[in-house]
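According to TrEMBL:
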type    : residues                                       : note
COILED  : 5-39                                           : coiled coil
COILED  : 91-125                                         : coiled coil
DOMAIN  : 139-472                                        : domain 'Kinesin motor'
BINDING : G228, Q229, T230, G231, S232, G233, K234, T235 : ATP binding site
Amino acid sequence: MQGKVRNYQTKFKSVNQENEALRDTMVQRQSKMVEMEKELKKTCSPEIHQLSFNNLKTENVIFRCSKRQYFDLFVSLFPHQMKLSVQESTLARVQGTLRDTEEEVRSLKETVAQQEDELHAGEMERRRLHNTIQELKGNIRVFCRVRPLVDGGLSKHIQLPASDVKTITLAKTEESHTGKTAETQKNYIFSFDRVFGPMASQQEVFEEISLLVQSALDGYNVCCFAYGQTGSGKTYTMEGAEYDQARGVIPRAVQQIFRAAEKLATQGWEFTFTASFVEIYNESLRDLLYTGKASKRPEHEIRKSTNNEVTITNLTYEKVSNEDQVLGLIALANQNRSTAQTAQNDRSSRSHSVFQLDIEGVNVGRDVKCKSTLCLVDLAGSERMLKSQSQGERFKEMTAINGSLSNLGIVISALANKESYVPYRNSKLTYLLQSCLGGNSKTLMFVNIAPESDSFGETLNSLRFASKVNDCVIGTASANRK
Ligand SMILES: Nc1ncnc2c1ncn2[C@@H]1O[C@H](COP(=O)(O)OP(=O)(O)OP(=O)(O)O)[C@@H](O)[C@H]1O
């Protein structure tokens, strides 16, 4: 037991000693730590100072740096600023000029509007004067045209005084019945609005008609037809030949119409054109613009609408907007005619061909509209055949042609005499041409003359017919204007 106590006392002593040693060590370390702290403070403080100084230095560097950059920027901006200020002053100057120009444009616009008004008024006045002149010349006019002899030269029985472009004399030399006296000469003198000799060019002839064509654009119905025996030059006058100088009335009229419409477009006019081409043969109608199968050719009837417009059922009415399109249609019509011609010899001489151009014009800005038809007709040969010489089909044809041509004469004289009843419906031709022949139209008839001496009788008949027409004065035409 005592041994155990001694052991414990020994252990206590040694543990106590160890604790003492540990305490010493701890104190030592604590004091070392304080020293180290002091030392650290001593040594680190300048560094901290240095550090904060460095911060300031950096800021200063940055500041200095910004200052430099600012300076650089300022330097680099300077030319831009200079440029900007130059541009600003230019802009101010340009703005001033713009204001002046705008003012100038405004006053120019006013002038243009005023000039447009004047132009429109001038155009309307031109129309009025042009059409007054046409009316004074007569709303039905007759031009005579003598075809050249096939081998050139002059025919003896036709005399055209050089000083007078309105007279034609047919001279017939007759032998004395008794044989005792010399030959006698009988003169038939006719006067027309104009007589064209064999040397007259297509251009010369057209110049006279062009005034009427202009009327069609002004809202007047215009009808131009060629009358005369077969081979007298009707087709040459109306259609002419392909080459430029030989072009006839139809292509020239079409050209004039489209050119004039183009000019009027600058004054606010818009036109729409519709073309049709029909043949009247033996009092039946045939569409010359038909392109379908021959076996499916439709029948046609002339109809009159409530507003007195004449139309043909099942007919091709082609909208056209330029000269070439119309020329294409004319070529198609000729092709159609020649197909029928091959089937029936000389058929084109025995049929009437009617080309119609419906014209509708509108000037939206001025609230003016006009509507008219230009009708160009190549009539069937007017020769009279002896009944004994014509039989069957020929007799039927002859009756149809003579019927429609003489009815044309009757209609024109009924119009001239202001008769209450005008027999338009007596033939397809006059029924179709009703609106172009009536009071509201201008009509021009060509009487074509064959110069050969053996055509004397036919020539005399043609001139007599034309003379009757020439005596007619159709009532004053008025434009279809709204
Ligand atoms: N003024 C003219 N100048 C030159 N040649 C012409 C003139 N008039 C007609 N001819 C020629 O005379 C011939 C007969 O003319 P065209 O065919 O025009 O007669 P037409 O009266 O229309 O006959 P048809 O009734 O048979 O149709 C044609 O060869 C045509 O080229």
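Note: Cβ is positioned from N, Cα and C throughout, glycine not excepted.
Automated prediction, rather than curation, is the source of TrEMBL annotations.
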Subject >> Close-lying binding-site residues around ligand 1 among Q229, G231, G233, where CB distance stays under 6 Å >> reply: G231, G233
Subject >> Cβ atoms near K234 (ATP binding site) (within 10 Å, other residues, all chains) >> reply: 28
**OP:** Go through the chain and flag residues at least 6 beyond the ends of the coiled coil (91-125) whose CB is under 8 A from any CB in it; none is fine as an answer.
**Re:** 264, 267-268, 363, 366
Original post:
G228, G231, G233: which of these binding-site residues has the sparsest Cβ neighbourhood within 10 Å?
Top reply: G231
Subject >> Those residues of the chain, 6+ apart, with a Cβ under 8 Å from that of S232 (ATP binding site) >> reply: R147, G381, N448, I449, A450, S455, E458, S462
**OP:** If we count other C-beta atoms within 10 Å, could you say which of the binding-site residues Q229, T230, T235 has the fewest?
**Re:** T230
**OP:** Provide the three-state secondary structure of Q229 (ATP binding site) computed with DSSP.
**Re:** coil
Original post:
Averaged over the coiled coil (5-39), what pLDDT does the prediction give?
Top reply: 64
